[in-house]
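Per Swiss-Prot, the features are as follows:
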MOD_RES   SER11  phosphoserine
MOD_RES   SER17  phosphoserine
MOD_RES   SER20  phosphoserine
BINDING   36-39, 58-59, 91-98, ASN116, ALA151  NADP(+) binding site
BINDING   TRP152, ASP160, GLN281, ARG302, LYS303, SER378, GLN395  FAD binding site
TRANSMEM  208-228  transmembrane segment
BINDING   TYR229, TYR319  Fe(3+) binding site
TOPO_DOM  229-258  topological domain 'Vesicular'
CARBOHYD  ASN256  N-linked glycosylation site
DOMAIN    259-407  domain 'Ferric oxidoreductase'
TRANSMEM  259-279  transmembrane segment
TRANSMEM  305-325  transmembrane segment
BINDING   HIS316, HIS409  heme b binding site
TOPO_DOM  326-358  topological domain 'Vesicular'
CARBOHYD  ASN344  N-linked glycosylation site
TRANSMEM  359-379  transmembrane segment
TRANSMEM  391-411  transmembrane segment
TOPO_DOM  412-433  topological domain 'Vesicular'
TRANSMEM  434-454  transmembrane segment
MOD_RES   THR474  phosphothreonine
MOD_RES   SER486  phosphoserine
Amino acid sequence: MPEEMDKPLISLHLVDSDSSLAKVPDEAPKVGILGSGDFARSLATRLVGSGFKVVVGSRNPKRTARLFPSAAQVTFQEEAVSSPEVIFVAVFREHYSSLCSLSDQLAGKILVDVSNPTEQEHLQHRESNAEYLASLFPTCTVVKAFNVISAWTLQAGPRDGNRQVPICGDQPEAKRAVSEMALAMGFMPVDMGSLASAWEVEAMPLRLLPAWKVPTLLALGLFVCFYAYNFVRDVLQPYVQESQNKFFKLPVSVVNTTLPCVAYVLLSLVYLPGVLAAALQLRRGTKYQRFPDWLDHWLQHRKQIGLLSFFCAALHALYSFCLPLRRAHRYDLVNLAVKQVLANKSHLWVEEEVWRMEIYLSLGVLALGTLSLLAVTSLPSIANSLNWREFSFVQSSLGFVALVLSTLHTLTYGWTRAFEESRYKFYLPPTFTLTLLVPCVVILAKALFLLPCISRRLARIRRGWERESTIKFTLPTDHALAEKTSHV
C-alpha cells in the first residue's frame, strides 16, 4: 500500500516530454505550493506549463521530489514560503494548524485555499475552510479558489473539464492577482464576492446533480406506478382468474410496456407548465406578477424531465428490438403455427392489423427521432450555437410536434382496444388510456391558445400590456413577429 501511494498521479514522462511543460526561466513569476498530494502535483504541473516558477513546500522533500515535474523546485516548507507572494495551501483543514509555525514568514502574503470539506464536515462547521484559515493567519490575505477544479481537470487544462473557477476574498487586489493566474492557466475566473461566500463555494463540489433529484424521483414514481398497474393486468390477472403462470413477463415484457407510458407522460409534463403559465398570465392580465413557487420550479426542471423522457423512449426502442430474441416469443410462433395447421388455414392475414402495426411503428420512429433532436439541442455546446429563435423553435415547436406524434402513436397502438370489454382486466382500463389524459389536455390547451382572440391577448401581455393599465398599447403590424418574441 505505501508503494502505491507513492506513485505519481501524473506521469513524469509525459511532463518532461511535453514541450508546453518545459522548464521556465528564472524571471518567471514565482508561486508557492504547500502540500504534496495529488491536487498539489496537478497544480504544479499546470502552473509550470503556464509559465510560472513553482516552489513546493513539503515535510519530506526527498521522498516527494520525484513525484513533481522536474521544473518545479521541491524543498522544505520554510524555504518554499520565503520568496513567493502567492502561496497555494493544498492541505486538508485538520492540517492547517501544522502551518502555524510559518506565520511569521507568511505575513503579508496571499494564501489561496483550495481545500474542500466532506459533506459531514460542511454541515458540522459553521465557518468555511477559508475563513478558518484566515482566522489562523490574520496577517495574511486569504482567497478561496480552484476548489471546484479536479486534479484531472488541472492536468488536462482548458482542453477538458469545466473552465470556470469561482474566486472569493476580502481584498480586491488579491482576487485580481489570483484571477490573472487563473486566466494564465486557461481557466475563467468568476468573482463570487467576499470571503463570507466561501461556505457556498465549498458547497459546490458536494452537490450531486441537484437539478435532477425531483425529475428523477418523478420518473421513478411514474415507473413504479405503471409497472405495478401492468403487473396486475398482465401477470396477476391471468394467474388468479385463468391459472396461467406469466411471471416470466416481469423482466422484459412488463418493463417494455411501462417505459413508453413513463416517457409519454414525462413528455407531456414538459409542456404542461407552459400551458399553466399562459393561463395564469391570461387570468391575471399581466406578466409582472411572479408565478407560484411550485410552478416556477416546474418550469426550471423542464429540461431534465424532457431528457428523462427521451431516455425512457430510447430504452423502450431497445427493449422492443429485444422482444423477438426471447425464448417465449419463439414458443409463441411455434404454437401459432401449430394452431394454424390444426385449423387447416394456409393463409393468415388481417389487413386491419397489418396497417395498424405499420402506422404506429412509423409514428413511433418519427416521435423518437424528433425527441433525439430535442435531446441533442439541449447540450450546452449545441444550445450556445443557436440564437433564441432557433432554440425556441426546436424546443417549443418541434417538442410539441413530438408530443403530437407520440399521441398518434399511442392512439394507433390502442386502436379499438379501449372499447373492447375483454381488455378491462380486473375492471382496469388498458394502460394506454391512462397515459392519454395529460397529453390530450396539453394539446387541446395549445390549440385553444392558437385562437386569434386568445393568442393576440397573450402576445400583448407578454410584450408588457396590463389589463388594469390606462396606457394604450397596440401590437406591431407584423403580428407573427410579435408572437415569436416570447415563449413560455
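A Cβ is built for glycine as well, from the same backbone N, Cα and C atoms used for every other residue.
Annotated features, which come from Swiss-Prot, shown on the structure.
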residue: SER36; record: NADP(+) binding site; DSSP (3 states): coil
residue: VAL91; record: NADP(+) binding site; DSSP (3 states): coil
residue: SER97; record: NADP(+) binding site; DSSP (3 states): helix
residue: TYR229; record: Fe(3+) binding site; DSSP (3 states): helix
residue: GLN281; record: FAD binding site; DSSP (3 states): helix
residue: HIS316; record: heme b binding site; DSSP (3 states): helix
residue: SER378; record: FAD binding site; DSSP (3 states): coil
residue: GLN395; record: FAD binding site; DSSP (3 states): helix
residue: HIS409; record: heme b binding site; DSSP (3 states): helix
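A separation of roughly 6 Å, to the nearest angstrom, links the Cα atoms of TYR319 (Fe(3+) binding site) and ASN256 (N-linked glycosylation site). The highest tally of CB pairs under 8 A with the transmembrane segment (359-379), across 259-279, 305-325, 434-454, is held by 305-325. Sequence-distant contacts of the transmembrane segment (259-279) (same chain, at least 6 residues past either end, Cβ-Cβ under 8 Å): 218-219, 222-223, 226, 291, 295, 298-299, 302, 305-306, 308-313, 315-316, 319, 371, 396, 399-400, 402-403, 406, 410, 431-432, 434-435, 438-439, 441-442, 445-446, 449, 458, 487-488. For the topological domain 'Vesicular' (412-433), the model's average pLDDT works out to 92.
For TYR229 (Fe(3+) binding site), the same-chain residues 6+ apart in sequence whose C-beta sits under 8 angstroms from its C-beta are LEU428, THR431, LEU434. The CA atom of GLN395 (FAD binding site) is located 42 Å away from the CA atom of ASP38 (NADP(+) binding site). Counted over every protein chain shown, other Cβ atoms within 10 Å are most numerous around TYR319 among the binding-site residues TRP152, TYR319. Secondary structure by DSSP for the topological domain 'Vesicular' (326-358): 24 helix, 0 strand, 9 coil. The least crowded of the binding-site residues ARG302, HIS409, judged by other CB atoms within 10 A of its own CB, is ARG302. Separating the Cα atoms of ARG93 (NADP(+) binding site) and ASN256 (N-linked glycosylation site) is a whole-number distance of 50 Å. Nearest by CA distance to GLN281 (FAD binding site), out of the recorded positions VAL91, HIS95, SER97, ASN256, ASN344, is ASN256. Here the candidates are the recorded positions ASP38, TRP152, ASN256, LYS303, ASN344, and by Cα distance the one nearest HIS409 (heme b binding site) turns out to be ASN256. The Cα of VAL91 (NADP(+) binding site) lies closest to that of TRP152, out of the recorded positions TRP152, ASN256, ARG302, HIS316, ASN344.
The two recorded residues LYS303 (FAD binding site) and SER97 (NADP(+) binding site) have their Cα atoms spaced 46 Å from each other. Within the same chain, residues 248-249, 252, 412-413, 415 sit at least 6 positions outside the topological domain 'Vesicular' (326-358) and bring their C-beta atoms closer than 8 Å to a C-beta of that stretch. Fewest Cβ neighbours within 10 Å among the recorded positions SER97, HIS316, ASN344, GLN395: that distinction goes to ASN344.
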